[in-house]
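Just below is one structure, and these are the notes that go with it.
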Amino acid sequence: MNKQNLLSLNQDALNDFFVCLGEKHYRTKQIMQWIYKVHEFDFDKMFNFSKSLREELNKIACIEFPKVVKQKFALDKVIKWVLALSEDNYIEMVYIPEKDRGTLCISSQVGCALACTFCSTGMQGFNKNLTTAEIIAQVLIANKYLNSKTKRISNIVFMGMGEPLLNEQAVYNACDLLLDDLAFGLSRRKVTISTSGIVPSILRMSKRTPVSLAISLHAPNNQLRDKLVPVNQKYSIEELLKACKVYLNAGTQERHILFEYVMLKDVNDSTEHANKLAKLLKAISAKVNLIPFNSFERTQYQSSNAQTIEKFQDILYQQGIRTMMRRTRGEDIDGACGQLAGKVLNKTKKLNARKH
């Protein structure tokens, strides 16, 4: 019998779980207090549960975590963890400390099937979706270490391995817990889902969760984006921006979108590209994040130099587009944007090989 990992259950699902056991809803608050506030994961030590309930929980439920197989520290104080889900499945997460906040970059899949040509993870292929428990466990593992060092997580970004909107239900349930005051209690603005542009999922996300949205854009036209972000061949820039407008208008509170743009030397960094990008985003409430390309083994790309990026940024500024330039962090431990490869069993390529 497979036990239910309680880290996969949001508050509503925990209510249903305890009702099925013949228990009242207040048990949900109690178990969430133990897990997310006290950080106690042994049912036998949850003293406000009856002996019979503790015995039942031990039979049918568990609170289990991936194993930490490696922890790496960068010169700039970025921390990367490598977690083992099984013998062949590994994921990575990265903590980025700054003066006023601490951001945890978490994974949603083992590998990624979207094959963005400038991304290390995309070059590895796809193996599996993470469960909600495997997503939430990343936050709890990082929290445990950081709390011991009097550091904190103020922001969570789904910008690690995988495409979050190809694992919707697990990611949305995780967001429920990240926002829930009984769990992590983060503000909706402090949790960000980054997507390469899965249009139907963005439309569903606009109704399902109020967290922030980031779009991996990387090109101002379809011809170039088709090459850099192959999913664009299915969902064009025009369709993507239309979905973005639906997202912006769906909430009762003001929403914003961050457009990510990796700067690739002689590929997408010209004055013409900057002008086209400004024109493209003028009609939308957007901020652009210019990201210096982080090199990895066997890549065909190089990063634009600082002067080119600053010129690109100035053009966007002059046309009213809010723009920032991301500072590369954690590069010496392969923790920078686009470098999260992990150890991935590439089933996608194996399946394709069998077909031909």
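Cβ atoms are placed via backbone N, Cα and C, with glycine included.
Just so it is clear, the model here is predicted, and its values are computed rather than measured.
The S-adenosyl-L-methionine site in Swiss-Prot is built from Gly162, Glu163, Ser216, Leu217, His218, Asn294 plus one of Ser148, Ser194, Ser236, Ser304, namely Ser194. For Cys105 (disulfide bond), the recorded positions whose C-alpha atoms fall inside a 10 Å radius of its own C-alpha are Glu92, out of Glu92, Cys112, Cys116, Cys119, Gly162, Ser216. Taking the Cβ of Gly162 (S-adenosyl-L-methionine binding site) as reference, residues of its chain lying under 8 Å away and at least six apart in sequence are, in sequence order, Ser107, Ser108, Gln109, Val110, Gly111, Cys112, Thr121, Phe126, Asn129, Leu130. Residue annotation for S-adenosyl-L-methionine gives Gly162, Glu163, Ser194, Ser216, Leu217, His218, Asn294. The furthest Cα pair among them is separated by 19 Å. A distance of 10 Å separates the Cα atom of Cys116 ([4Fe-4S] cluster binding site) from that of Ser216 (S-adenosyl-L-methionine binding site). Averaged across the domain 'Radical SAM core' (98-334), the predicted model reaches a pLDDT of 93. Ser216 (S-adenosyl-L-methionine binding site) carries a strand DSSP state (E or B). The Cβ of Glu92 has fewer other Cβ atoms within 10 Å than any other of the recorded positions Glu92, Glu163.
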